[in-house]
Amino acid sequence: MTSTLATRLSTYSISLILQRIKIIKRCYSAPVLRDYQQDAIDACVNSIRQGTKRIGVSLATGGGKTVIFSNLINQLRQNYFKERQGNFKSLILVHRRELALQATATLKKIFPDLKVHIEMGKYDCDIEDSDVIVASVQTLIRRLHKYDTNSVNLIIIDEAHHSVANSYRSILDHFKASTAETKIPVIGFSATFERADKRALSMVMDKIVYHRGILEMIDDKWLCEAKFTSVKIEADLSDVKSTADDFQLAPLSSLMNTKEINEVILKTYLHKKQEKSLKSTLLFGVDKAHVQSLHKLFKDNGINTDYVTSDTKQIERDNIIQKFKNGETEVLMNCGIFTEGTDMPNIDCILLCRPTKSRSLLIQMIGRGLRLHHSKDHCHIIDFIGASSVGVVSAPTLLGIRSDDIEFDDATVEDLKAIQGEIIAKQQKIDERLRALFQTDEAAMENVTERNSVADWIHSANSVDLTLCSFDSFRNFTQSNNSYPSGKEFDEASEAVKEMELLMNSQYPWVKFASNAWGLPLKGKNHLRIYKEKSEDKLSMVYHLKMYRQLPCFITNKYADYVPKSIIKDANLWNVMSKVEKIINTLNSDLEGQTMQYQAISSKYSKWRQTVPTSKQRDFVFRKLKKVYGESSKDFIRLSLDDVTTYVNTKMTKGDASNLIFASSLAPVYPLKSLLRILEYQKRRSFIK
């Protein structure tokens, strides 16, 4: 054996052998990292050196997280060998087969000397012989008995927003890596550290050490440009039940999977295909039935289409994906399959036919189409938006545009930023006007007198909006032929005017639920309240802004219960309202799906708020008003129950109903009685005229 080897070696010169080794090394050398990829690695290494070892990297889909953590493993491995002897073993946790195969292929390509093993299904890992173990969480949780608690030196979690799940936490517990005192670095990678069930990622991660989102990646040309188009469909999402922070799929599918809506989706695709020469479109549907209906419709219209659901076998799924990558399939449809883990960079169009309240899900769907590819310059994102889409996130809302009234066609990120700038400029003009009104009492008074008569204005104004005001103060204020009161009366009237101007001119739907208290709903069953209360020295009044978070019923063992948090106290309501604006802007500016405990709401000027209420809303509001009216009918001289019925059936908008339902959840009588008093006063004015 030795002589044979010597004979073979004798036929080659030493220099030729070395040359071939260099060629092999060069073929398999790690690719040059992008600047931000190296920055992410450096941030992780520095954090570990400083003692914070449970860390996260937030990177937009298409940013190359597999390349990053492969190089990170290599760098930490090299640092380890510089400091000590022994083996360095890395564990990569994934929750999908595609992610496991992708990580394995990348590691073997970049670092061929590493022994990479898979722990998944039929693949049984040889722990002792491995440098890197890529493990399916579902499989590893059943095979933990194979692993010594000290057998790994590094844990990488792919798609780490799943890491709060019990299975992940059990694995981390096994390796003594579930607390901030862990000796093993735990590094999570995700496009969005936000969970639909709101379980705190702080249980697994102590710090997000690096973040780079979609907008930055597009600006720096690491992701392709997106062009956004919104298409209005006849779908009222307000009655669709929700679970956690997204819609229940069955009722959502019943609403979306109709002949009319599916025809709109088809016609939109055909128009865009002809106009933009689309070649590879990915469609997200609600559920299997929805996807199958759309597949049949598209196929009947001559479109080469295929679909994947959870029922699709793995071999068939792989074949379908490969055909799509090869350009043989024009439209690939799915429901919840391709939000993570599958790279299809040839996608040049995304059809969002699955409305969602989840920012993270929307970011994942959009991100599927933004990878760079030689066949495209940009990706068309077509969002099908219901006429009443309260609480639904869309591409524009991710970019900071809250208006439901603006429609887009091929709008780039720069276009949307320009629109956002226009909206901000308009709001600034409103703010400047309100600030001027607040400078002096006289300015506020003059603004009211320009209406000719406050009483006439009350007669013509929206009834629910008027419940924001201290109605008795305004009625007193308009007496004596609208002559100005003086002294204390003047101060009280002026203060009421200020409250009216700020609350009624706010772009958000405030409600008044007590004589000196107002509320503003936030998504997620949380809300803001402003209380007008005595200052600490009892000598003056201040406005106290609080944020309320609703506790789950399983914690309270009863119906809604809230945890309040004091935000600001100020004698000037303007300062409090400015703080509200900052809070909501802060929530809306978190564009890349970071965890948000509170979420902002749509504008009170949104188109859906002017539409007719649902039958459920009408019935609910009428029952509440009827009950309050019956208990205090003696307080109303001219108002009859028929008048209440007329208001609910002909005058109340969906926005009004939403306000009343929210207000009555905070106080069951006051807001409803205030509305009845407004209706009484408006009827009295009509009778006099």
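Using N, Cα and C of the backbone, Cβ positions are placed for all residues, glycine too.
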From 2-5, 106-109, 158-161, 522-525, the residue range that Swiss-Prot assigns the feature motif 'DEAH box': 158-161
CB-centroid shell, 8 A cutoff, ATP site LEU59, ALA60, THR61, GLY62, GLY63, GLY64, LYS65, THR66, site residues removed: ILE68, ALA191
Number of other Cβ atoms within 10 Å of the Cβ of THR66 (ATP binding site) across all protein chains: 21
DSSP state at LEU59 (ATP binding site), helix/strand/coil: strand
Same chain, 6+ residues apart, C-beta under 8 Å of the C-beta of LEU59 (ATP binding site), given in sequence order: ALA40, LYS65, ILE68, PHE189, SER190, ALA191, TYR210, HIS211, ARG212
Neighbourhood of GLY64 (ATP binding site) by C-beta distance under 8 A, where only residues 6 or more apart in the same chain count: ARG34, GLN37
Most crowded position, judged by CB atoms within 10 A, among ALA60, GLY63 as binding-site residues: GLY63
